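Novice: Pasting a structure here, questions to come.
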Amino acid sequence: MSNKRRVIIGVSGASGGIYAVRTIRAFLIHGFEIHLIVSDYGNFVLKDECGIDLRAGEPMEIFRKMFGSEIENGEIVKYNFRDLKARISSGSFETDGMIVVPCSVKTLSGIANGTSSNLIERSADVCLKENRLLVLVFRETPLNLIHIQNMLTLTQAGAKILPASPAFYHKPRTFEELADFIAGKVLTLFGVKHNLYKKWGEEE
């Protein structure tokens with residue numbers, strides 16, 4: 001049995017695949033065992049926006065080709081999006097929590113209403129019922145009242161809504177640095193110290 005910290009990462013179909021890629025990289029660098037679920041449209045977004053086809057091979061091998069030895073301490077276990085009998089669908093399988101990145105309106109609604117119609121929704125529901133950290137990196141804009149009400153419901157249930165709204169005070173120069181700001185915010189919620197961006201007030 002692995003003694004790595006475990007985290008579930010769900011990738012839904014909202015635009016913003018780079019946020020998923022940089023978050024996965026960040027958790028691998030810090031030696032996490034990632035339990036990865038990618039929706040059908042999540043796969044489309046990753047391929048269309050990032051040129052990454054996770055259906056073409058083992059995710060760990062794909063990311064190793066991208067990031068090299070810096071991710072060697074981590075591990076990825078991938079699941080079928082529709083496999084509701086997967087071990088992460090049970091509260092008895094212990095994890096540190098879950099991130100949905102990016103989180104689409106449809107996924108936000110499904111989690112808020114407890115539908116558990118796929119493995120992302122079910123795993124998120126498990127995190128809420130087990131009082132585990134659930135972080136939703138919501139990327140849609142602008143918001144309507146239904147979105148806001150669903151966010152309120154989820155916040156009251158214990159989830160953390162983390163909008164994909166990177167700051168600019170650290171003077172990012174690349175898309176990766178913008179996305180790393182969000183990945184860093186997620187790491188911080190999981191109690192992981194990092195240097196993905198310069199904190200406000202720190203010296204250069």
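Each position is counted from 1, following the chain as shown.
Cβ coordinates are placed from backbone N, Cα and C, and glycine is handled just like the others.
TrEMBL does not curate its annotations; it predicts them automatically.
A quick note: this is a predicted structure, and the numbers were derived from the prediction, not measured.
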Novice: May I ask you to find which of Arg132, Arg139 TrEMBL records for the FMN site already listed with Gly13, Ala14, Ser15, Ser39, Ser104, Val105, Lys106, Thr107?
Specialist: Arg139
Novice: Where does Arg139 (FMN binding site) sit by DSSP, helix, strand or coil?
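Specialist: Note: Arg139 (FMN binding site) is coil by DSSP, not helix or strand.
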Novice: Widest Cα span across the FMN binders Gly13, Ala14, Ser15, Ser39, Ser104, Val105, Lys106, Thr107, Arg139, in Å?
Specialist: 16
Novice: Can you count the other CB atoms that lie within 10 A of the CB of Arg139 (FMN binding site)?
Specialist: 20
Novice: DSSP three-state call for Lys106 (FMN binding site): helix, strand or coil?
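Specialist: Helix, per DSSP.
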Novice: With the FMN site defined by Gly13, Ala14, Ser15, Ser39, Ser104, Val105, Lys106, Thr107, Arg139, which remaining residues of that chain have Cβ atoms positioned within 8 Å of the Cβ centroid?
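Specialist: Filtered neighbour residues, in order: Ser12, Tyr41, Gly42, Pro102, Cys103, Leu108, Glu140.
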